[in-house]
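Q: Here's a structure for you.
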Amino acid sequence: MSGDEMIFDPTMSKKKKKKKKPFMLDEEGDAQTEETQPSETKEVEPEPTEDKDVEADEEDSRKKDASDDLDDLNFFNQKKKKKKSKKIFDIDEAEEGIKDLKIESDVQEPAEPEEDLDIMLGNKKKKKKVVKFPDEDEVLEKDEALEDEDSKKDDGISFSNQTGPAWAGSERDYTYEELLNRVFNIMREKNPDMVAGEKRKFVMKPPQVVRVGTKKTSFVNFTDICKLLHRQPKHLLAFLLAELGTSGSIDGNNQLVIKGRFQQKQIENVLRRYIKEYVTCHTCRSPDTILQKDTRLYFLQCETCHSRCSVASIKTGFQAVTGRRAQLRAKAN
(Lines of atoms letter the chains of each structure in order from A; the text may use other names.)
(Lines give C-alpha, C1' and ligand atoms only; values in the text may rest on other atoms or scores of the structure.)
Protein backbone atom coordinates (compact mmCIF):
# COMPACT_ATOMS: atom_id res chain seq x y z
CA MET A 1 0.00 0.00 0.00
CA SER A 2 2.91 2.20 0.47
CA GLY A 3 3.49 2.00 -3.33
CA ASP A 4 -0.16 2.95 -4.02
CA GLU A 5 0.04 5.90 -1.74
CA MET A 6 3.17 7.07 -3.47
CA ILE A 7 1.43 6.86 -6.89
CA PHE A 8 -1.65 8.86 -5.92
CA ASP A 9 0.25 11.42 -3.96
CA PRO A 10 -0.44 14.93 -5.34
CA THR A 11 3.24 15.76 -5.06
CA MET A 12 4.00 13.04 -7.54
CA SER A 13 1.53 14.47 -10.01
CA LYS A 14 3.22 17.85 -9.72
CA LYS A 15 6.60 16.31 -10.37
CA LYS A 16 5.19 14.58 -13.41
CA LYS A 17 3.86 17.90 -14.63
CA LYS A 18 7.34 19.34 -14.54
CA LYS A 19 8.31 16.49 -16.80
CA LYS A 20 6.70 18.38 -19.69
CA LYS A 21 9.13 21.30 -19.62
CA PRO A 22 11.85 20.15 -21.96
CA PHE A 23 11.71 23.48 -23.86
CA MET A 24 12.51 25.57 -20.78
CA LEU A 25 15.58 23.62 -19.73
CA ASP A 26 17.94 26.27 -21.15
CA GLU A 27 16.31 29.11 -19.27
CA GLU A 28 15.70 27.39 -15.89
CA GLY A 29 18.51 25.23 -14.47
CA ASP A 30 16.47 23.96 -11.47
CA ALA A 31 14.19 21.93 -13.68
CA GLN A 32 16.96 19.48 -14.48
CA THR A 33 17.07 18.12 -10.88
CA GLU A 34 13.28 17.72 -10.87
CA GLU A 35 13.20 15.76 -14.12
CA THR A 36 15.52 13.13 -12.67
CA GLN A 37 12.97 12.13 -10.01
CA PRO A 38 10.08 11.24 -12.37
CA SER A 39 12.38 8.81 -14.11
CA GLU A 40 12.69 6.92 -10.84
CA THR A 41 8.93 6.89 -10.27
CA LYS A 42 8.36 5.21 -13.63
CA GLU A 43 10.29 2.21 -12.40
CA VAL A 44 8.11 1.97 -9.28
CA GLU A 45 4.76 1.84 -11.27
CA PRO A 46 3.65 -1.78 -10.99
CA GLU A 47 -0.08 -1.95 -12.01
CA PRO A 48 -1.63 -1.22 -15.39
CA THR A 49 -4.82 0.30 -13.94
CA GLU A 50 -2.85 2.82 -12.09
CA ASP A 51 -0.85 3.50 -15.25
CA LYS A 52 -4.03 4.29 -17.17
CA ASP A 53 -5.16 6.77 -14.59
CA VAL A 54 -1.74 8.31 -14.49
CA GLU A 55 -1.62 8.48 -18.29
CA ALA A 56 -5.02 10.22 -18.39
CA ASP A 57 -3.81 12.76 -15.87
CA GLU A 58 -0.58 13.14 -17.79
CA GLU A 59 -2.43 13.74 -21.06
CA ASP A 60 -4.54 16.45 -19.48
CA SER A 61 -1.51 18.07 -17.96
CA ARG A 62 0.38 17.73 -21.26
CA LYS A 63 -2.38 19.47 -23.17
CA LYS A 64 -2.48 22.33 -20.70
CA ASP A 65 1.29 22.64 -20.50
CA ALA A 66 1.65 22.33 -24.26
CA SER A 67 -0.91 25.06 -24.80
CA ASP A 68 0.88 27.28 -22.27
CA ASP A 69 4.26 26.50 -23.77
CA LEU A 70 2.96 27.15 -27.29
CA ASP A 71 1.52 30.46 -26.17
CA ASP A 72 4.85 31.40 -24.63
CA LEU A 73 6.74 30.24 -27.66
CA ASN A 74 4.36 32.07 -30.00
CA PHE A 75 4.75 35.21 -27.95
CA PHE A 76 8.54 35.03 -28.09
CA ASN A 77 8.52 33.97 -31.72
CA GLN A 78 6.18 36.80 -32.67
CA LYS A 79 8.51 39.28 -31.11
CA LYS A 80 11.51 37.71 -32.75
CA LYS A 81 9.75 37.47 -36.12
CA LYS A 82 8.72 41.09 -35.93
CA LYS A 83 12.27 42.13 -35.26
CA LYS A 84 13.59 39.97 -38.08
CA SER A 85 10.84 41.10 -40.41
CA LYS A 86 11.74 44.72 -39.72
CA LYS A 87 15.36 44.05 -40.53
CA ILE A 88 14.44 42.12 -43.66
CA PHE A 89 11.97 44.83 -44.69
CA ASP A 90 14.65 47.47 -44.35
CA ILE A 91 17.05 45.45 -46.45
CA ASP A 92 14.40 44.80 -49.05
CA GLU A 93 13.53 48.48 -49.20
CA ALA A 94 17.17 49.37 -49.66
CA GLU A 95 17.57 46.75 -52.36
CA GLU A 96 14.37 47.86 -54.06
CA GLY A 97 15.50 51.49 -53.93
CA ILE A 98 18.81 50.55 -55.52
CA LYS A 99 16.99 48.54 -58.16
CA ASP A 100 14.62 51.45 -58.83
CA LEU A 101 17.55 53.80 -59.27
CA LYS A 102 19.22 51.35 -61.63
CA ILE A 103 15.98 50.90 -63.55
CA GLU A 104 15.45 54.68 -63.81
CA SER A 105 18.99 55.18 -65.05
CA ASP A 106 18.54 52.35 -67.55
CA VAL A 107 15.24 53.82 -68.69
CA GLN A 108 16.62 57.34 -69.09
CA GLU A 109 19.61 56.21 -71.16
CA PRO A 110 17.65 54.44 -73.93
CA ALA A 111 14.91 57.08 -73.80
CA GLU A 112 17.35 59.74 -74.99
CA PRO A 113 17.17 58.81 -78.70
CA GLU A 114 13.40 59.30 -78.71
CA GLU A 115 12.30 62.36 -80.61
CA ASP A 116 9.90 63.77 -78.01
CA LEU A 117 12.36 63.59 -75.13
CA ASP A 118 15.18 64.84 -77.34
CA ILE A 119 13.12 67.80 -78.36
CA MET A 120 12.12 68.68 -74.80
CA LEU A 121 15.56 68.16 -73.31
CA GLY A 122 17.37 69.58 -76.29
CA ASN A 123 15.28 72.75 -76.30
CA LYS A 124 16.05 73.41 -72.67
CA LYS A 125 19.77 72.87 -73.19
CA LYS A 126 19.78 74.98 -76.32
CA LYS A 127 17.98 77.79 -74.54
CA LYS A 128 20.65 77.82 -71.86
CA LYS A 129 23.39 77.87 -74.50
CA VAL A 130 21.70 80.63 -76.45
CA VAL A 131 21.31 82.67 -73.30
CA LYS A 132 24.94 82.22 -72.33
CA PHE A 133 27.04 82.45 -75.46
CA PRO A 134 25.17 84.45 -78.14
CA ASP A 135 24.28 87.23 -75.72
CA GLU A 136 27.58 88.96 -76.30
CA ASP A 137 27.34 88.60 -80.06
CA GLU A 138 23.77 89.79 -80.07
CA VAL A 139 24.66 92.77 -77.93
CA LEU A 140 27.50 93.67 -80.28
CA GLU A 141 25.28 93.28 -83.33
CA LYS A 142 22.56 95.39 -81.74
CA ASP A 143 25.06 98.08 -80.86
CA GLU A 144 26.41 98.08 -84.42
CA ALA A 145 22.88 98.18 -85.83
CA LEU A 146 21.98 101.08 -83.56
CA GLU A 147 25.12 102.94 -84.59
CA ASP A 148 24.29 102.36 -88.25
CA GLU A 149 20.73 103.55 -87.74
CA ASP A 150 21.91 106.61 -85.86
CA SER A 151 24.41 107.39 -88.60
CA LYS A 152 21.72 106.95 -91.23
CA LYS A 153 19.36 109.18 -89.32
CA ASP A 154 22.04 111.80 -88.93
CA ASP A 155 22.84 111.58 -92.64
CA GLY A 156 19.21 111.96 -93.55
CA ILE A 157 18.85 115.01 -91.35
CA SER A 158 21.95 116.64 -92.72
CA PHE A 159 21.02 115.96 -96.31
CA SER A 160 17.48 117.16 -95.79
CA ASN A 161 18.76 120.65 -94.96
CA GLN A 162 18.60 123.53 -97.43
CA THR A 163 22.14 122.91 -98.69
CA GLY A 164 20.73 120.98 -101.68
CA PRO A 165 20.79 117.36 -102.77
CA ALA A 166 22.84 114.68 -101.04
CA TRP A 167 25.55 114.62 -103.67
CA ALA A 168 25.98 118.40 -103.73
CA GLY A 169 29.46 119.54 -102.72
CA SER A 170 30.99 116.10 -103.22
CA GLU A 171 32.50 114.17 -106.10
CA ARG A 172 30.61 110.94 -105.45
CA ASP A 173 27.88 109.66 -107.74
CA TYR A 174 24.25 109.86 -106.73
CA THR A 175 22.33 106.67 -106.00
CA TYR A 176 19.01 105.48 -107.33
CA GLU A 177 17.31 105.78 -103.93
CA GLU A 178 18.39 109.40 -103.56
CA LEU A 179 17.02 110.31 -106.98
CA LEU A 180 13.78 108.44 -106.30
CA ASN A 181 13.29 110.26 -103.00
CA ARG A 182 13.95 113.56 -104.72
CA VAL A 183 11.35 112.84 -107.41
CA PHE A 184 8.68 111.94 -104.87
CA ASN A 185 9.46 114.99 -102.76
CA ILE A 186 9.06 117.26 -105.78
CA MET A 187 5.79 115.56 -106.73
CA ARG A 188 4.45 116.04 -103.22
CA GLU A 189 5.41 119.69 -103.25
CA LYS A 190 3.77 120.32 -106.62
CA ASN A 191 0.73 118.12 -106.02
CA PRO A 192 -0.26 118.13 -102.32
CA ASP A 193 -3.38 116.09 -103.06
CA MET A 194 -1.22 113.02 -103.63
CA VAL A 195 0.23 113.26 -100.12
CA ALA A 196 -3.12 112.43 -98.58
CA GLY A 197 -3.27 109.31 -100.74
CA GLU A 198 -6.50 110.37 -102.46
CA LYS A 199 -6.81 109.44 -106.10
CA ARG A 200 -8.73 111.67 -108.45
CA LYS A 201 -11.62 110.06 -110.22
CA PHE A 202 -12.34 111.32 -113.69
CA VAL A 203 -16.10 111.77 -113.89
CA MET A 204 -17.64 112.08 -117.32
CA LYS A 205 -21.15 112.24 -118.67
CA PRO A 206 -22.37 109.03 -120.31
CA PRO A 207 -22.78 109.19 -124.06
CA GLN A 208 -26.31 109.58 -125.40
CA VAL A 209 -26.87 107.30 -128.36
CA VAL A 210 -30.02 107.42 -130.50
CA ARG A 211 -30.88 105.35 -133.54
CA VAL A 212 -31.57 107.19 -136.77
CA GLY A 213 -33.58 104.99 -139.11
CA THR A 214 -32.41 101.39 -139.39
CA LYS A 215 -28.75 101.77 -140.44
CA LYS A 216 -27.46 104.83 -138.58
CA THR A 217 -26.84 105.95 -134.99
CA SER A 218 -26.58 109.46 -133.59
CA PHE A 219 -24.12 110.52 -130.85
CA VAL A 220 -26.08 113.42 -129.31
CA ASN A 221 -23.73 114.94 -126.67
CA PHE A 222 -20.55 114.62 -128.73
CA THR A 223 -19.57 118.31 -128.49
CA ASP A 224 -20.20 118.43 -124.72
CA ILE A 225 -17.81 115.52 -124.13
CA CYS A 226 -15.13 117.21 -126.27
CA LYS A 227 -15.36 120.30 -124.08
CA LEU A 228 -15.05 118.23 -120.88
CA LEU A 229 -11.96 116.47 -122.22
CA HIS A 230 -10.41 119.69 -123.56
CA ARG A 231 -9.85 118.08 -126.92
CA GLN A 232 -10.66 119.09 -130.47
CA PRO A 233 -13.69 117.40 -132.05
CA LYS A 234 -11.70 116.41 -135.12
CA HIS A 235 -9.20 114.36 -133.05
CA LEU A 236 -11.90 112.54 -131.10
CA LEU A 237 -13.91 111.95 -134.28
CA ALA A 238 -10.91 110.37 -136.03
CA PHE A 239 -10.30 108.05 -133.06
CA LEU A 240 -13.96 106.97 -132.88
CA LEU A 241 -14.21 106.23 -136.57
CA ALA A 242 -10.88 104.34 -136.58
CA GLU A 243 -11.86 102.17 -133.61
CA LEU A 244 -15.39 101.49 -134.78
CA GLY A 245 -14.32 100.96 -138.40
CA THR A 246 -17.10 103.08 -139.89
CA SER A 247 -17.63 106.50 -141.40
CA GLY A 248 -19.57 109.44 -140.03
CA SER A 249 -19.97 113.21 -139.90
CA ILE A 250 -21.26 116.04 -137.73
CA ASP A 251 -24.65 117.44 -138.73
CA GLY A 252 -26.09 120.92 -138.21
CA ASN A 253 -27.19 120.19 -134.60
CA ASN A 254 -23.57 119.33 -133.58
CA GLN A 255 -24.50 115.66 -133.37
CA LEU A 256 -22.28 112.87 -134.64
CA VAL A 257 -24.05 110.59 -137.10
CA ILE A 258 -22.35 107.19 -137.59
CA LYS A 259 -23.18 104.54 -140.13
CA GLY A 260 -24.15 101.26 -138.53
CA ARG A 261 -25.91 100.09 -135.39
CA PHE A 262 -24.00 100.71 -132.17
CA GLN A 263 -24.98 100.54 -128.54
CA GLN A 264 -24.06 102.84 -125.67
CA LYS A 265 -21.64 100.31 -124.10
CA GLN A 266 -19.56 100.08 -127.27
CA ILE A 267 -19.09 103.85 -127.45
CA GLU A 268 -18.27 103.99 -123.71
CA ASN A 269 -15.45 101.47 -124.17
CA VAL A 270 -14.00 103.50 -127.03
CA LEU A 271 -14.14 106.70 -124.97
CA ARG A 272 -12.33 104.99 -122.04
CA ARG A 273 -9.46 103.95 -124.30
CA TYR A 274 -9.23 107.47 -125.70
CA ILE A 275 -9.12 109.01 -122.20
CA LYS A 276 -6.46 106.54 -121.05
CA GLU A 277 -4.11 107.22 -123.99
CA TYR A 278 -4.74 110.87 -124.94
CA VAL A 279 -6.18 112.58 -121.83
CA THR A 280 -4.77 111.30 -118.51
CA CYS A 281 -1.10 111.77 -117.61
CA HIS A 282 0.99 108.61 -117.80
CA THR A 283 2.94 109.44 -114.61
CA CYS A 284 0.48 111.00 -112.15
CA ARG A 285 -2.82 110.02 -113.82
CA SER A 286 -4.06 113.58 -113.72
CA PRO A 287 -6.66 114.68 -116.33
CA ASP A 288 -5.24 118.22 -116.44
CA THR A 289 -3.24 117.74 -119.63
CA ILE A 290 -2.71 119.50 -122.94
CA LEU A 291 -2.31 117.76 -126.30
CA GLN A 292 0.26 119.48 -128.51
CA LYS A 293 1.43 118.73 -132.04
CA ASP A 294 5.08 119.19 -132.96
CA THR A 295 6.55 118.02 -136.27
CA ARG A 296 3.92 115.39 -137.05
CA LEU A 297 3.98 114.06 -133.49
CA TYR A 298 1.53 114.57 -130.65
CA PHE A 299 2.89 115.28 -127.13
CA LEU A 300 0.92 115.05 -123.93
CA GLN A 301 2.00 117.63 -121.34
CA CYS A 302 0.76 117.46 -117.74
CA GLU A 303 0.01 120.69 -115.88
CA THR A 304 0.39 119.12 -112.40
CA CYS A 305 3.68 117.20 -112.61
CA HIS A 306 4.95 119.02 -115.74
CA SER A 307 5.82 115.76 -117.43
CA ARG A 308 5.81 115.47 -121.21
CA CYS A 309 5.53 112.31 -123.27
CA SER A 310 4.81 111.46 -126.87
CA VAL A 311 1.56 109.85 -127.96
CA ALA A 312 0.94 107.45 -130.84
CA SER A 313 -0.77 108.87 -133.87
CA ILE A 314 -4.25 107.74 -134.81
CA LYS A 315 -4.28 105.10 -137.51
CA THR A 316 -7.31 104.15 -139.51
CA GLY A 317 -8.19 100.51 -139.92
CA PHE A 318 -8.49 98.52 -143.11
CA GLN A 319 -11.17 99.82 -145.47
CA ALA A 320 -12.38 97.82 -148.44
CA VAL A 321 -12.57 99.50 -151.84
CA THR A 322 -16.14 99.39 -153.11
CA GLY A 323 -16.24 101.84 -156.04
CA ARG A 324 -15.64 100.60 -159.60
CA ARG A 325 -13.35 103.47 -160.49
CA ALA A 326 -11.27 102.90 -157.35
CA GLN A 327 -10.92 99.23 -158.25
CA LEU A 328 -9.72 100.10 -161.74
CA ARG A 329 -7.20 102.57 -160.37
CA ALA A 330 -5.90 99.99 -157.90
CA LYS A 331 -5.43 97.44 -160.67
CA ALA A 332 -3.68 99.97 -162.89
CA ASN A 333 -1.23 100.89 -160.16
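Using N, Cα and C of the backbone, Cβ positions are placed for all residues, glycine too.
So Swiss-Prot lists these for the protein:
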- S2: N-acetylserine (MOD_RES)
- S2: phosphoserine (MOD_RES)
- S13: phosphoserine (MOD_RES)
- 13-22: compositional bias 'Basic residues' (COMPBIAS)
- T36: phosphothreonine (MOD_RES)
- 40-51: compositional bias 'Basic and acidic residues' (COMPBIAS)
- S67: phosphoserine (MOD_RES)
- S105: phosphoserine (MOD_RES)
- 106-117: compositional bias 'Acidic residues' (COMPBIAS)
- S158: phosphoserine (MOD_RES)
- S218: phosphoserine (MOD_RES)
- K265: N6-acetyllysine (MOD_RES)
- K293: N6-acetyllysine (MOD_RES)
Q: For S218 (phosphoserine), which of the three DSSP-derived states applies: helix, strand, or coil?
A: strand
Q: C-alpha of K293 (N6-acetyllysine) to C-alpha of S218 (phosphoserine): distance in Å?
A: 30
Q: Distance between S218 (phosphoserine) and K265 (N6-acetyllysine) at the Cα atoms, whole Å?
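A: Between the alpha carbons of S218 (phosphoserine) and K265 (N6-acetyllysine) there are 14 Å.
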